[in-house]
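Annotated in TrEMBL:
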type	residues	note
TRANSMEM	20-40	transmembrane segment
DOMAIN	27-474	domain 'Major facilitator superfamily (MFS) profile'
TRANSMEM	81-103	transmembrane segment
TRANSMEM	115-131	transmembrane segment
TRANSMEM	137-158	transmembrane segment
TRANSMEM	170-192	transmembrane segment
TRANSMEM	198-222	transmembrane segment
TRANSMEM	283-307	transmembrane segment
TRANSMEM	319-341	transmembrane segment
TRANSMEM	348-370	transmembrane segment
TRANSMEM	382-408	transmembrane segment
TRANSMEM	420-440	transmembrane segment
TRANSMEM	452-470	transmembrane segment
Amino acid sequence: MPELTLVDGSGVRRDFPAKLTWQVIVCTVIAACGGLMFGYDIGISGGVTGMDMFLEKFFPEVYVRKHQAKANNYCKFSSQLLQLFTSSLYLAAIVGCFIGSICCKKRGRKPTMQIASVFFLGGAILNAAALNIGMLIAGRLCLGAGIGFGNQAVPLFISEIAPARYRGGLNLCFQLLITIGILTANVVNYATSKLHPYGWRISLGGAACPALLLLLGSVMIVETPTSLIERGKNEEGLHTLKKIRGVDNVDKEYEEISQAVEFSRQIRHPFKNLWKRSSRPQLVCGALIQIFQQFTGISVVMLYAPVLFQTMGLGENASLMSALMTNTVKPIGTLFAIFVVDRFGRRALLIEAAIQMFISLGAIGVILAVHLHSTNVVEKHYAVLVIVLVCVFLAGFAWSWGPLGWLIPSEIFPIETRSAGFSVAVIMNFVFTFLVAQTFLTMLCHLRAGTFFLYCAMLAVMCLFAKYFLPETKGVPIDEMVERVWKQHWFWKRCYKDHDTGEGGLDKPKDNTIA
């Protein structure tokens with residue numbers, strides 16, 4: 001039986017016996033279906049907005065401009081309403097994430113995932129049956145609420161049930177299912193693009209499938225021990241902990257969770273407590289890594305890949321096929337991350353990938369700047385080179401800022417601010433995804449290839465952030481992060497100079513003030 005042997009800040013050895021049980025694996029896979037929902041929606045919207053039959057029905061001015069021979073290549077798809085179709089999802093996700101945080105704490109992680117699947121199911125039905133732009137946007141808002149609830153609950157759920165030594169790999173299953181969802185959406189879009197005039201309805205309605213998987217599968221999974229103990233169900237929490245660890249000797253881990261929960265109960269206003277100096281390191285790093293995830297330029301590539309390829313002169317079917325090819329890379333890259341993240345750590349992957357994405361995105365910008373003018377068509381070999389560079393970019397994202405952008409914020413917060421802190425981080429992700437989605441087509445029209453150089457500059461900043469300000473968290477139990485990670489970091493340790501250490505590795509203010 002593998003054991004995780006640890007040494008805490010006081011030099012006391014801690015042994016947390018744990019097996020990687022089938023119960024944990026099954027719960028992780030089912031919960032990760034929340035990622036499948038998210039990924040499917042990302043992939044499906046980008047493909048649908050490139051379909052003539054969809055544009056002709058809801059965005060006729062874009063359809064006309066797309067087929068004008070002398071229309072500006074960079075401005076063919078520029079439309080605030082078309083951008084709103086994509087970005088409205090993230091407005092609802094912001095609200096859904098905030099409410100989902102409260103639901104996670106009060107009701108548990110499992111019910112929150114079930115609520116997410118119901119919202120997503122409703123959104124899929126509305127979009128498939130849409131008769132006008134109002135129904136279309138209403139469906140997107142329902143989908144967004146579902147994504148907000150799901151993205152709040154799923155990473156927390158996986159982080160809390162996973163043994164520390166396997167937490168990174170298991171949590172990346174969420175991102176793996178996102179990439180599989182995107183790939184599935186691209187396959188569906190390619191197939192339905194030939195089914196006139198209702199292919200787009202099949203594409204959008206297909207979102208009901210991952211929603212049903214999560215809704216039905218969540219009936220079979222257990223609630224996390226932390227959530228059960230947090231809501232006063234101590235005996236059930238102990239029983240569940242034994243069940244998911246596969247051993248009876250869980251007393252030390254149960255005691256640590258109980259101590260953490262007891263301290264968290266003193267915090268009546270966790271969102272207010274986030275602004276305390278001792279919570280600053282986790283809040284800043286958690287929020288920044290989610291913001292930086294969007295400033296990699298991933299939303300540009302994922303949401304608008306078919307549009308980008310059509311801008312270069314590829315036809316509708318060729319653009320969808322190219323998007324399908326490039327998005328095949330992401331699941332492979334994420335699988336790679338699952339196997340190496342707990343071996344090489346988080347920071348090494350983030351730094352390497354930032355450099356890789358900087359080079360590939362910069363090269364795309366150079367090709368577009370030199371070879372794509374207002375009304376010409378890019379030569380085929382340059383278009384193929386751009387597709388290859390997009391694959392290189394996506395591979396780097398898939399084993400770094402993509403999955404780790406969700407993993408790291410889910411594991412760095414202490415229990416008293418965990419749900420609130422993670423929700424703030426995820427809200428930052430949705431806010432900046434909305435901003436990118438709502439502005440990219442306009443930016444492309446005005447800045448042209450300069451849009452890609454702008455994201456290159458952000459990648460350089462992200463590389464420096466990961467190297468100097470983000471501590472390594474691999475293999476550290478989730479409730480020992482403060483003592484073993486943040487108080488040891490060269491920069492963030494200054495936030496704890498005026499604080500004492502409480503039991504279980506928690507950070508307690510000297511005056512015991514309740515925020």
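Cβ from N, Cα, C; glycine included.
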Long-range environment of the transmembrane segment (115-131) - Cβ separation under 8 angstroms, sequence gap at least 6:
34, 37, 58, 96, 100, 103, 138-150, 153, 201-202, 204-208, 210-212, 214-215, 218
Using Cβ atoms and a strict cutoff of less than 8 Å, what residues sit near the transmembrane segment (137-158) while being 6 or more residues removed from its termini?
27-28, 31-32, 34-35, 37-38, 41, 84-85, 88-101, 103-104, 109-110, 112-113, 115-128, 130, 167, 170-171, 173-174, 204, 207, 211, 214, 224, 406-407, 409-410, 418-419, 422-423, 426, 429-430
For the transmembrane segment (452-470), which recorded stretch in the set 81-103, 319-341, 348-370 gives the largest number of Cβ pairs separated by under 8 Å?
348-370
What stretch, picked from 170-192, 198-222, 348-370, has the most CB pairs under 8 A with the transmembrane segment (319-341)?
170-192
Take the transmembrane segment (420-440) and find every residue of the same chain, 6 or more past its ends, with a Cβ under 8 Å from one of its Cβ atoms.
80, 83-84, 86-87, 90-91, 93-94, 97-98, 100-101, 105, 148, 151-152, 155-156, 270-271, 273-274, 279, 282-283, 286-287, 289-291, 293-295, 299-300, 303-304, 405, 409-410, 412-413, 451
Closest-packing stretch to the transmembrane segment (198-222), where packing means Cβ pairs under 8 Å, from 20-40, 81-103, 170-192, 348-370:
20-40
Checking distant contacts: for the transmembrane segment (170-192), what same-chain residues at least six beyond its ends satisfy Cβ-Cβ under 8 A?
24-25, 28-29, 31-44, 47-48, 51, 154-155, 158-159, 162, 199-200, 202-203, 206, 210, 302, 306, 317, 320-321, 323-324, 327-328, 330-331, 333-335, 337-338, 341, 398, 402-404, 406-407, 410-411
Take the transmembrane segment (81-103) and find every residue of the same chain, 6 or more past its ends, with a Cβ under 8 Å from one of its Cβ atoms.
41, 45-46, 49, 58-59, 62, 111-112, 115-116, 119, 133, 136-137, 140-153, 303, 419-420, 422-423, 426-427, 430-431, 433-434, 437-442
Mean predicted confidence [pLDDT] for the domain 'Major facilitator superfamily (MFS) profile' (27-474)
87
